[in-house]
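Comments concern the structure below.
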C-alpha cells in the first residue's frame with residue numbers, strides 16, 4: 001500500500017512535468033482571452049461534472065473573491081451550484097441540458113465559457129459548448145486523454161488545454177494547477193504588482 005501511495009505521487013509529478021512542457025502556451029492564450037473578456041465588461045461562465053464541477057466552482061470563487069492579491073471582484077459564474085435550477089432542468093428536459101439552458105439565459109457575446117471535462121465527452125458540457133457558440137461566446141476547454149468530442153467543437157478563436165494523460169485523477173490534479181495559473185495570470189495582468197512584494 002505504501003508503494004502504491006508513493007507511485008501516485010510519482011505519477012502526479014511526472015504528469016505535471018509533461019504538462020509543464022505541453023501547456024504553457026495554451027494557458028497563456030486562455031488567460032489573455034479571459035483578461036480581454038473581463039476588460040470588455042463581460043463575464044466567464046464555468047461548468048463541469050463531479051470533480052470538474054468542483055473545479056468550475058473553485059475558478060469562479062477565485063475570481064469573485066480573490067486569488068493571491070487584493071483586488072476588486074471579477075465576474076464569474078459556476079453553472080453547477082444552483083441545485084433548484086439544475087434539478088428543474090434535469091427533471092423537465094434532460095440532464096444534458098443543465099448547463100446549456102443557463103448559458104442561453106445568461107451568456108452574451110464576448111463572454112467566455114470555461115468547459116471542463118477530463119474525457120472531453122461529457123454530454124452536458126458538449127451541449128453547453130454548443131449553446132455558448134450560439135451566443136457568440138468564446139470557449140476555453142480543459143480536457144485530457146484525446147480531447148474527446150469537445151476538441152472537435154472548438155474553432156480558431158477558442159483554446160483547448162489538454163492534459164497529456166489518460167488517468168482521470170492525474171488530469172484533475174493538473175486541471176486544478178491550470179486554474180491556479182489562469183487566476184494568477186489574470187490577476188497579474190489586470191493588477192500588476194511590485195515583484196518585490
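Note that Cβ sites are derived from N, Cα and C of the backbone, with glycine treated the same way.
What Swiss-Prot records for this protein:
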type	residues	note
DOMAIN	34-196	domain 'SIS'
BINDING	49, 50, 51, 62, 91, 92, 117, 118, 119, 122, 172	substrate binding site
BINDING	58, 62, 172, 180	Zn(2+) binding site
DSSP-derived structure type at residue 119 (substrate binding site), helix or strand or else coil: coil
Max pairwise CA distance, angstrom, over record-listed substrate binders 49, 50, 51, 62, 91, 92, 117, 118, 119, 122, 172: 32
Residue among binding-site residues 91, 117, 119 with Cα closest to the Cα of residue 180 (Zn(2+) binding site): 117
Entry from the binding-site residues list 49, 91, 117, 119 having the most other CB atoms no farther than 10 A: 117
Residue pair residue 51 (substrate binding site), residue 62 (Zn(2+) binding site) - Cα distance, angstrom, rounded: 16
Residues that sit under 8 angstroms from residue 58 (Zn(2+) binding site) by C-beta distance, when 6+ apart in the chain: 176, 179
Distance [Cα-Cα, Å, rounded] between residue 117 (substrate binding site) and residue 62 (Zn(2+) binding site): 19
Confidence summary (mean pLDDT) of the domain 'SIS' (34-196): 97
